[in-house]
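One structure is given below, encoded as structure tokens.
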Amino acid sequence: MRILISNDDGATAPGLAALYAALEDYAECVVVAPDQDKSGASSSLTLDRPLHPKVLANGFISVNGTPTDCVHLAINSLLDHEPDLVVSGINLGANLGDDVLYSGTVAAALEGRFLGRTAFAFSFASRQLDNLPTAAYFARKLVEAHATLDLPPRTVLNVNIPNLPLDHIRGIQLTRLGHRARAAAPLKVVDPRGKEGYWIAAAGDAEDGGEGTDFHAVMQGYVSITPLQFDRTFSDAFSGLDGWLEGLR
């Protein structure tokens with residue numbers, strides 16, 4: 001088995017190293033990841049300059065681009081054989097609810113959809129490293145079990161692991177995406193030369209975080225697995241739009 005591993009925290013991120021270490025004796029793993037932190041890059045592609053892959057001392061390949069660039073380039077140019085699986089992470093910080101719209105971790109997994117196979121996006125609900133081995137354990141466990149999955153093509157499994165020791169994890173739950181409240185306003189700052197700028201503020205708190213959501217599962221000590229699809233068509237809106245268009249013809 002061949003696994004393509006990527007992330008959005010960058011090629012030197014501890015979560016990426018932990019994921020590789022968890023999988024390297026299970027499959028032939030190739031790591032292609034951004035050369036710097038690209039959190040929040042979503043599914044953006046770099047179109048204004050060429051991409052330059054660089055092989056690092058540990059064998060990982062870094063690219064001066066986004067997570068989507070990395071997977072796109074790896075599948076279409078860098079690899080001699082297509083991978084059997086695309087795995088992204090381990091992100092330091094959860095990707096819950098609306099986070100998936102912005103997450104480079106999820107985007108890297110989504111780019112693997114062209115293979116027509118299931119892909120995984122793994123996120124750990126902390127930026128502290130003490131319990132990162134818990135996330136690595138579940139990444140290995142779920143990847144090992146993926147061969148028995150019977151899912152529609154191009155399914156992405158968004159996995160969030162609580163910041164807990166392994167023996168404190170209560171189990172695994174299948175969840176839906178929750179929703180966040182509106183984020184705080186960007187923070188206005190002034191640099192030493194008097195030039196004004198803005199920092200994007202933290203994401204909003206969970207607004208829809210009840211039972212059954214990814215928010216609730218992680219808060220209750222469960223690993224959350226949410227199946228995602230690329231098709232964002234809002235089918236329920238068709239009937240209302242049909243009537244609206246009739247009046248415009």
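Glycine too: its Cβ is placed from the backbone N, Cα and C atoms.
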Binding-site annotation, Swiss-Prot, divalent metal cation: partner of Asp8, Asp9, Ser39 in Asn58, Asn64, Asn76, Asn91: Asn91
Residue among binding-site residues Asp8, Asp9 with least C-beta crowding, 10 angstrom cut-off: Asp9
Site with most surrounding Cβ atoms, counting all protein chains shown within 10 Å, from the binding-site residues Ser39, Asn91: Asn91
